[in-house]
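The structure appears below as structure tokens.
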Amino acid sequence: MDTLDELLPREKMLRSGIASLSDVELLALFLRTGTPGKDVMTLAKEILQHFGSLYGLLSADFAQFRGVNGIGLAKFAQLKGIAELARRYYSVRMNEESALLSPEMTREFLQSQLTCEEREIFLVIFLDAQHRVLQHSRLFSGTLNHVEVHPREIVREAIKLNASAVILAHNHPSGCAEPSKADKLITERVIKCCQFMDIRVLDHLIIGRGEYVSFAERGWI
């Protein structure tokens, strides 16, 4: 009987489930074919080694891809499609679920939306009194290391949606999720502004590269 290591990714998935696949095998499953003189498993391994991680791979631009021998526009488009499908899946799920099921679901959604962004994006999730999702919006965009946030605009949008609570989030393209002094100050400003309209700020999450910081989990909110 074949061992799992000897099975092709597709057969291994059918036998043991998608979670049994390594990063290399999962990438090979999506790529489907290799290049002349190179099978798909070898190609997948070389691609991951070149970019260092799945994050590095899925956030790379076409110019970076052209540095990998045998990779063209078709496979670049496939991989960008994977990242976009994941982002849209979580976006649709957030819109269709009747409520936020768990902090994990919220974090997964925010990571899918913000992890690969090359500049800072400030996103707000608006919730009703039962903490059902009303809307999520990218309200502000900035530079590589800064985003200008206007608390009154957050409150204005919350009032328009009749929201009772909000969850704040933004990314750090540098990869480090630790909040800066400016991050803490803007959180305090948003909280104070929301309090005037009886709107609760439930959390502020900072999304880094494979890591996150939750103000609520740290007891700051």
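In case you wondered, yes, glycine gets a Cβ from its N, Cα and C as well.
Positions annotated as domain 'MPN' by Swiss-Prot, on the basis of sequence analysis: 99-221.
Taken from Swiss-Prot, the feature Zn(2+) binding site covers H170, H172, D183, and the record attributes it to sequence analysis. Cβ neighbours of H172 (Zn(2+) binding site) (same chain, under 8 Å, six or more residues apart in sequence): E120, N145, I206, I207, G208.
What Swiss-Prot lists as motif 'JAMM motif' is 170-183. When Cβ-Cβ distances below 8 Å are used as the criterion, the motif 'JAMM motif' (170-183) is approached by residues 114-115, 117-123, 144-147, 149, 204, 206-213, 215 of the same chain, each at least six residues removed from its ends.
A sphere of 10 angstroms centred on the C-beta of H170 (Zn(2+) binding site) encloses 26 other C-beta atoms. There are 20 other Cβ atoms within 10 Å of the Cβ belonging to D183 (Zn(2+) binding site).
The secondary structure of D183 (Zn(2+) binding site), as reduced to three states from DSSP, is helical. The DSSP breakdown of the domain 'MPN' (99-221) into helical (H, G, I), extended (E, B) and coil residues amounts to 38 helix, 34 strand, 51 coil.
Excluding H170, H172, D183 themselves, the residues of that chain whose CB lies within 8 A of the CB mean position for the Zn(2+) site are, in sequence, E120, V147, N171, A177, P179, S180, I206, I207.
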